[in-house]
Amino acid sequence: MKIDKSLSIKLTEVNVVMTILIVWLHIAPIFNLPQWVQQIAIIAVPCFWTISAFLYFASFDFSSPWMSYKSRLFTRARTILVPFIVFNIFGLLFSLALFQIHPVDYHPLDGVNAGNCLQALYHSKWNGALWYLRALFEFALIAPSIGYIIRATKWSILLVVPIYLLCQYAPYSSFIYWMVNIFTGAYIAIWHEQLIAYYTRYKKLYISTLIIILGGGNSSLAFRLLR
């Protein structure tokens, strides 16, 4: 699938909005923002996963999978793994500096030794918000296997049901927890031509269904807010 300039601009705009929501989400506890504000902002995380999977497979070359896989893995090591390590170390140094200025009962290196320092780094002990980068790189490691499962049949979309049932119990900071969003984004990228054809043929049905879903969702949200 070729991502044209128009689609690229739209995805960039969505990413900007989602980034703002992520920042909003992380400052919410500090400024005691209402719970409903946090619930709105939290939609950014699944959106990021869907877009990330879509972009991965939109230009993945299944005719030369090994070369395409190596190229993407190298790129993501440079743009995801390296920043993950660097900013985790920066988080540790910042925590140590802050501890010297304003000592507290908890030391940044409590429980960390030569044997488990890599484990502490893996779990983003000193910069917790970076879990997304680590999980995103883990997804990149196994991404082709997901792509081949989806390519096997257009009915692979039905797998989102058992995937949801199985993966909802995974840790929030694991890419497995977000597998429904990953699978959806990958499916759209791989089967985009068929999806466009179906949409063109059954446009009115899709729009009507979307209106019903959005209407029901808004009614449910309004009920919970006003209850």
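Here the Cβ of each residue, glycine as well, is placed from N, Cα and C on the backbone.
Taken verbatim from TrEMBL:
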DOMAIN    19-217  domain 'Acyltransferase 3'
TRANSMEM  12-31  transmembrane segment
TRANSMEM  37-58  transmembrane segment
TRANSMEM  79-101  transmembrane segment
TRANSMEM  131-150  transmembrane segment
TRANSMEM  157-180  transmembrane segment
TRANSMEM  205-226  transmembrane segment
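Beyond its flanks by at least six residues, the transmembrane segment (157-180) meets 45-46, 49, 123-124, 131-132, 134-136, 138-139, 149, 187, 191 of its own chain at Cβ-Cβ distances under 8 Å. Same-chain neighbours of the transmembrane segment (37-58): 1-3, 11, 14-15, 17-19, 21-22, 24-25, 28, 72, 132, 136, 139-140, 143, 146-147, 175, 178, 181-186, 188-190, 192, counting only residues six or more beyond its ends whose CB sits under 8 Å from a CB of the stretch. Within its own chain, the transmembrane segment (12-31) is flanked in space by residues 37-38, 40-45, 47-48, 51, 129, which lie at least six positions past its ends and keep a Cβ under 8 Å from the stretch. On the 0 to 100 pLDDT scale, the domain 'Acyltransferase 3' (19-217) averages 82 in the predicted structure.
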